[in-house]
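Quick look at what Swiss-Prot lists:
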- ASP161: active site, proton donor (ACT_SITE)
- ASP182: active site, nucleophile (ACT_SITE)
- GLN138, ARG247, TRP249: substrate binding site (BINDING)
- 1-17: signal peptide (SIGNAL)
- GLN160: site 'Transition state stabilizer' (SITE)
Amino acid sequence: MVKSILASVLFAATALAASRMTAPSGAIVVAKSGGDYDTISAAVDALSTTSTETQTIFIEEGSYDEQVYIPALSGKLIVYGQTEDTTTYTSNLVNITHAIALADVDNDDETATLRNYAEGSAIYNLNIANTCGQACHQALAVSAYASEQGYYACQFTGYQDTLLAETGYQVYAGTYIEGAVDFIFGQHARAWFHECDIRVLEGPSSASITANGRSSESDDSYYVIHKSTVAAADGNDVSSGTYYLGRPWSQYARVCFQKTSMTDVINHLGWTEWSTSTPNTENVTFVEYGNTGTGAEGPRANFSSELTEPITISWLLGSDWEDWVDTSYIN
């Protein structure tokens, strides 16, 4: 009986950790050779903006140096990166890189390596980087500008402003997010970060992970980081207490870290003001629940608080969240 149960568990684990090495039927294939297109942008340009059917792009192994803009579509979009294990970003085989700084364009969004305006889009197993680095200041890897967007087992890397979670309901699951300054930021999105690995870089003497820009009580914006990890990126020597969980870009900022493991890179205060001249702390919602590790130890800033129970994904995203979220990535 024990052997039978063990065999069933191992079978289930194997099934969950499936590879995705071939394109599904009907997908537009991007490949260095032999595909429908040799750039991701060309594949996106081939999408119908009027069809209400689900469209799929499959990207084969390789490094693609380009800025990708996905416009608003009438139907759902699925983008798959080739991978040996769909459950983890560590097996991703597709890298999308570009280097644009804010100084070169009109706004933050235009610096992003991936600019996604497609509502109802699901992005799987892509490594997306803005390689501009510290000297460029604001330089995004991903700009998420629509609702019902899901990012699964992806990897986002940058320095400042890595991820702009800007509009609508969004999910980031099993995803690696790396940066140094305000690298999860935005104004209006309700975003659920599920089992993400958040990694900080050496360089700044003091910096924050999140910068939520909710500017009024009526705005829906809320970032919830759930069952995730916070630590220094591999190869980075980050001093104890260098980082804060967040600072308020606007005066009604809302961020929650819950059931998340934190190393000592997090300052004991947990949260910090926007600046000494503009603290923006009077109306913030900076909360935690059940965090662990040295970085979870206080005393915390007096404008933050501890919840008595965790926020649920259904409260944040609505009772119909399972209609658009890939629940196989949500435990």
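Cβ atoms are placed via backbone N, Cα and C, with glycine included.
Spacing of GLN160 (site 'Transition state stabilizer') relative to GLN138 (substrate binding site) is 5 Å (Cα to Cα, whole number). Neighbour counts of Cβ atoms within 10 Å were taken for the active-site residues ASP161, ASP182; the minimum is at ASP182. Non-local neighbourhood of ARG247 (substrate binding site): ASP182, SER208, THR210, ALA211, ALA253, TRP271, THR272, GLU273, TRP274, ASN280, each in the same chain, at least six residues away, with C-beta under 8 Å from its C-beta. Here the C-alpha separation of GLN138 (substrate binding site) and ASP161 (active site, proton donor) works out to 6 Å. Within 10 Å of the C-beta of TRP249 (substrate binding site) there are 19 other C-beta atoms, taking all protein chains into account.
Note: the Cα of TRP249 (substrate binding site) and the Cα of the residue listed as 'active site, proton donor' are spaced 12 Å from each other. The record assigns GLN138, ARG247, TRP249 to the substrate binding site, and the maximum Cα to Cα distance across that set is 16 Å.
Ranking the recorded positions GLN138, GLN160 by other CB atoms within 10 A of the CB puts GLN138 at the bottom.
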